[in-house]
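First comes the structure, then the notes that go with it.
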Amino acid sequence: MYYITDILTFFILKIENIFLLKKWLFKKIIMETSVNKILILDDDIGFLQSLKFYLEKSGFIVRTSTNVNQTWDILSSYYPDLFIVDILIKDQNGYDFIKQLRINEYFCLVPIIVLTVCGMTEDRIRGYKSGCDSYLTKPFDSEELLILVRRLLVRHIQTLYSTQTSHITKKKYTHDLNLTQTEQKILSLIINGLMNKEIAAKLNVGVRNVEKYVTRLFKKTKTTSRTELVRFALENQIVT
């Protein structure tokens, strides 16, 4: 009986520790700076440098790695909001690395984009089965990648909020933002991951018109990026 009690106590403490860890990670992700962090794993150094430059120019913090072992070393002190992974890595294939991320309690929810020359149907299927969120082949359109990155980051925030709703006390924003009906519609679409071009098409308005409303939303919420805007809206229950 004493042995069984010890086992039950051990599992209860284990569950409590996991919950506290996830709660801490959630708070860290939601409350830290609005600049999102990306980690790129690819053994092509020239490609790494050019992609890093492009993403940093687009406003992201980027770390790069050329092999899996180096990546795990980086992850000991760096928590990315998104991974970009090649499949053809020298020390280990990208599929296995993705599987390892998906069973890791720290990184299991972090979005993963596969970016590789492997474009066969079976490659894509294997990638999605391994746990990636999206699969792009080289050569790729840089704007398409950027849109995908931003959409997955927004979705990531939504996932974190939905999985932690019962454990986090949300605060109702008490100040009246005076959002117009159009601003409310656009904010709702942004939260659902749509980019400006998609919002313009959905509302049958010009892209510049959408950009104008997005700028107004930034000013009214005192945010500086779409990701920060989504965080603010969800945390303060502006859009339900």
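Just so it is clear, glycine is given a Cβ too, placed from its N, Cα and C backbone atoms.
Here TrEMBL flags 37-153 as domain 'Response regulatory'. Positions annotated as 4-aspartylphosphate by TrEMBL: Asp86. Residues annotated as domain 'HTH luxR-type' in TrEMBL: 172-237.
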Residues of the domain 'HTH luxR-type' (172-237) by DSSP state, where helix covers H, G and I: 44 helix, 0 strand, 22 coil
Integer mean pLDDT for the domain 'HTH luxR-type' (172-237): 82
